[in-house]
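A.B. asks: Not my notes, these are from Swiss-Prot:
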| type | residues | note |
| --- | --- | --- |
| DOMAIN | 35-131 | domain 'PH' |
| ZN_FING | 152-212 | zinc finger |
| BINDING | CYS158, CYS161, CYS183, CYS186 | Zn(2+) 1 binding site |
| BINDING | CYS175, CYS178, CYS204, CYS207 | Zn(2+) 2 binding site |
| REGION | 219-249 | region 'Disordered' |
| COMPBIAS | 219-232 | compositional bias 'Polar residues' |
| COMPBIAS | 238-249 | compositional bias 'Acidic residues' |
Amino acid sequence: MVDRLANSEANTRRISIVENCFGAAGQPLTIPGRVLIGEGVLTKLCRKKPKARQFFLFNDILVYGNIVIQKKKYNKQHIIPLENVTIDSIQDEGDLRNGWLIKTPTKSFAVYAATATEKSEWMNHINKCVSDLLSKSGKTPSNEHAAVWVPDSEATVCMRCQKAKFTPVNRRHHCRKCGFVVCGPCSEKRFLLPSQSSKPVRICDSCYDLLSTGEMTACQSTRSDSYSQSPKSSLNDASDDDDDEDSSD
């Protein structure tokens with residue numbers, strides 16, 4: 001089915017429309033063999049709060065961006081190679097329902113669909129695309145992924161020392177290894193995580209100690225799936241993705 005659509009006029013036209021919606025700031029998406037499988041609006045759990053994002057699933061990449069004008073204009077394009085993607089379902093809790101984790105070596109995050117059916121369709125299609133890619137390349141699924149960041153709203157005090165209260169002056173930081181929200185004194189060290197950056201990145205003292213002694217898997221297990229067990233914030237929308245990163249770090 002996918003191979004048959006690859007060179008069809010309809011597929012080429014659909015991809016061209018997506019390119020036009022992102023404009024000159026977006027990357028070209030039309031390449032031989034690429035097929036647009038589906039698209040839709042998902043709620044992405046960003047650092048500050050959940051936000052609506054437009055997602056496009058291709059047979060080899062997942063693309064998403066900010067919605068400026070629905071079906072007409074998007075910005076801040078992100079492209080994720082599906083070959084490195086793994087996904088895990090998230091239990092429903094509060095206003096956040098029908099969600100799953102999208103995990104990659106460079107970045108991991110949670111998204112939520114409007115209905116359980118939509119969630120199932122997205123997950124099935126993503127898994128099928130990943131499986132087909134790995135089958136063709138002969139590669140094995142990636143077992144390394146970046147931590148999912150705990151949203152700011154879920155931590156009023158540092159998740160490491162459990163003492164420092166966050167204020168406009170004592171601001172929040174995120175450990176790039178475990179994803180915890182931590183204070184400045186608990187995250188003064190940096191460590192090179194090649195899958196995330198070519199430069200050393202901010203990590204918490206706990207992860208630094210484990211990484212320095214070579215216990216990287218132990219460090220990851222401290223994060224575990226605590227994200228899916230922590231309380232969730234209410235749904236909101238915003239116009240940009242600036243708060244996905246610690247801009248000052």
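Every residue, even glycine, has its Cβ placed from backbone N, Cα and C.
Note that the coordinates shown come from a computational prediction; the quantities given were computed from them, not determined experimentally.
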A.B. asks: Radius 10 Å, atoms counted are CB only; among the binding-site residues CYS161, CYS178, CYS204, which position scores highest?
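C.D. replies: Buried the deepest by this measure is CYS204.
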A.B. asks: So around the Zn(2+) 1 site, CYS158, CYS161, CYS183, CYS186 aside, which residues have their CB within 8 A of the centroid of those CB atoms?
C.D. replies: VAL157, MET159, ARG160, GLN162, LYS163, ALA164, VAL182, GLY184, PRO185, SER187, CYS204
A.B. asks: Give, as a single whole number between 0 and 100, the mean pLDDT over the domain 'PH' (35-131).
C.D. replies: 96
A.B. asks: Just to be sure I understand the packing, how many Cβ atoms besides its own are within 10 Å of the Cβ of CYS158 (Zn(2+) 1 binding site)?
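C.D. replies: The Cβ of CYS158 (Zn(2+) 1 binding site) has 23 Cβ neighbours within 10 Å.
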A.B. asks: Around the Cβ of CYS175 (Zn(2+) 2 binding site), how many other Cβ atoms lie within 10 Å? Please give the count over every shown protein chain.
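C.D. replies: Around the Cβ of CYS175 (Zn(2+) 2 binding site), 29 other Cβ atoms lie within 10 Å.
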A.B. asks: Among CYS183, CYS186, CYS207, all listed as binding-site residues, which has the most CB atoms within 10 Å of its CB?
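C.D. replies: That would be CYS207, with the highest Cβ count within 10 Å.
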A.B. asks: When DSSP states are grouped into helix, strand and coil, how many residues of the domain 'PH' (35-131) land in each?
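C.D. replies: Residue counts for the domain 'PH' (35-131) by secondary structure: 19 helix, 54 strand, 24 coil.
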A.B. asks: Using DSSP, would you call CYS207 (Zn(2+) 2 binding site) helix, strand or coil?
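C.D. replies: Where CYS207 (Zn(2+) 2 binding site) sits, the three-state DSSP reduction gives helix.
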A.B. asks: Quick one: what's DSSP say for CYS186 (Zn(2+) 1 binding site), helix, strand or coil?
C.D. replies: helix
